[in-house]
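For reference, the structure is listed below as C-alpha cells.
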Amino acid sequence: MATIEAVGAREILDSRGNPTVEVEVLLDDGTFARAAVPSGASTGAYEANERRDGDKGRYGGKGVEQAVEAVIEEVGPALVGHDAHEQRIIDRVMLDLDGTPTKSRLGANAILGVSLAVAKAAASAADLPLFRYLGGPNAHVLPVPMMNIVNGGAHADTGVAIQEFMIAPVGAASFREALRWGAETYHALKSVLKQRGLATGLGDEGGFAPDLPSNKDALDLIVEAIGKTGFAVGSDIALALDVAATEFHGADGYDFEGSKRSAEWMTGYYEGLVSEYPLVSIEDPLSEDDWDGWQHITNALGGKLQLVGDDLFVTNPERLQKGIDLSAGNSMLVKVNQIGSLTETLDAVDLAHRNGFSTMMSHRSGETEDTTIADLAVAVGSGQIKTGAPARSERVAKYNQLLRIEEELDDAAVYAGAKAFPRSAGFTGRA
C-alpha cells in the first residue's frame with residue numbers, strides 16, 4: 001500500500017496564456033507525480049464548474065489562486081493517509097467535500113488535478129505505465145488521431161462557422177504511420193493555402209485558420225491537400241467535423257452561413273456533406289438542448305456515420321443515459337474536465353461502450369504539456385483521440401506519448417484504423 005503523504009498545487013499557464021491548476025502528489029514511498037488541468041474555449045452549459053478568481057485586476061479575472069488554495073488547504077489534508085490505489089474512494093472523498101452537483105465550491109479544476117495526479121502516482125508506485133495501470137492487461141489499441149487541421153468557430157477569428165475540420169488517417173497500418181500521414185497532409189495543406197494566397201496563421205489547436213467564403217471551401221482545401229500527398233481520400237484519410245452548433249444556436253434557430261436555419265435544415269445540409277465527402281464523424285451537429293433535433297439527425301444519419309455528443313453529453317453519465325434512452329447520438333466525446341474526476345470519466349466511458357456508443361478521447365483548446373489523455377485513450381480502448389493538429393507542443397506531446405506507448409506494446413499494439421468507424425464501412429469517398 002502506498003499512501004498519500006502530501007498534496008500541493010500551483011497556478012501555471014495553459015497554451016492560450018490563461019491560468020490553470022497544476023497538482024503534485026507525494027506518496028509515503030517517495031513516489032511523486034504531477035498533473036495539469038486543461039480548459040475549453042467552447043464550453044457546454046452542463047459542464048462541471050471551473051473555479052476562477054474573478055479578480056479583473058489579475059489575468060482578467062481568470063486566475064485560479066482560489067482553486068489552488070482549495071487543493072492545499074482542504075483537499076490535501078482530507079486525502080493524506082489514503083491509499084493512492086483506491087481511486088474511487090479518493091474521488092468520492094473530494095466529491096463529498098465539495099458537496100455541490102457541479103463541483104462549484106472547490107472547483108472542478110481543483111478536483112480533477114488531484115484526481116489525475118493521484119492516479120499517476122499510484123501507477124508509478126505500482127511500477128506500471130499509466131495506460132496499463134488504468135486499462136489492465138488488455139489495453140493495447142492505439143487510437144486514430146483526429147487531427148484538427150482547419151480551425152473555425154470559437155477557435156479562430158474567421159467567417160467559418162464550423163469549429164473543426166479534421167482528418168482521420170484510417171488506412172494506416174500503425175499509429176506511427178497514421179501520425180506521419182497526418183503530418184504530411186498538414187504540411188501539404190499549408191502549401192495549398194500559400195498557393196491560394198490564404199492566411200496560414202494558426203488557431204488555438206494548431207490548425208490553420210484561413211478566412212474562407214464557406215464551410216465547404218475548407219473541406220475542398222483539405223481534399224486537395226490529401227490529393228497532393230498521394231493518399232486516397234476516404235480509404236486512406238477520411239474527414240470529420242466538430243460543428244459546435246451550440247455556439248451559433250439561439251432561440252429562433254441556427255445562425256448558419258448568414259441565415260437562420262432549423263434543425264431539419266441543418267440535418268439536410270449534413271446529409272449533403274455526407275454524400276459529397278468521406279465523412280466518418282460529425283460532432284455536435286446540433287445544440288446541446290435540441291434533443292428533438294438530435295433524435296431527428298440520428299434517425300437520418302446515425303446508420304451512416306458517427307454522431308458525437310460533446311456539449312450534449314459533457315462526459316456526464318446522466319446526460320449520456322438520456323441520449324441512450326432517446327436514441328440521440330451514437331458516440332460520446334470524452335473530456336476529463338467536463339465531469340471533473342477520473343472515476344466519473346471512466347464510468348461515463350463504460351456506460352457508452354455498454355450501450356453501443358463509441359467514444360473519442362479529447363483535449364481542450366486550452367491545453368498543457370500533460371499527456372494523461374493519451375494514456376487514457378489506450379486504457380479505455382476509445383480507438384479515437386482528438387488532440388489537435390500535428391503542431392504546437394501541447395498538442396504534439398500527446399501524439400508523442402502515443403508513439404511511446406505503441407513502442408512499449410511492441411507486437412501487442414493494434415492500431416484501430418477504419419475499425420474505429422464501423423458505421424462508415426464501405427464509403428467510397430470523393431476522388
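Yeah, the Cβs are placed from backbone N, Cα and C, and that goes for glycine too.
Here the structure is a predicted model, which means the values were calculated and not measured.
Binding of Mg(2+) is attributed by Swiss-Prot to D242, E283, and within the candidate set D204, D211, D310, D311 the record adds D310 to that site. Record note: Swiss-Prot gives Q163, K335, R364, S365 as (2R)-2-phosphoglycerate-binding, and the candidate from K322, K386 in that site is K386. Q163 ((2R)-2-phosphoglycerate binding site) sits 13 Å from D310 (Mg(2+) binding site), taking the C-alpha atoms as the reference points. Taken over all pairs of the listed (2R)-2-phosphoglycerate-binding residues (Q163, K335, R364, S365, K386), the Cα spread reaches a maximum of 17 Å, rounded to the nearest whole number. With D242 (Mg(2+) binding site) as the anchor, the candidate binding-site residues are R364, S365, K386, and the one with the nearest CA is K386. The Cβ of K386 ((2R)-2-phosphoglycerate binding site) lies under 8 Å from the Cβ of M146, N148, M166, D242, L333, M360, M361, S362, H363, each of these being in the same chain and 6 or more residues away along the sequence.
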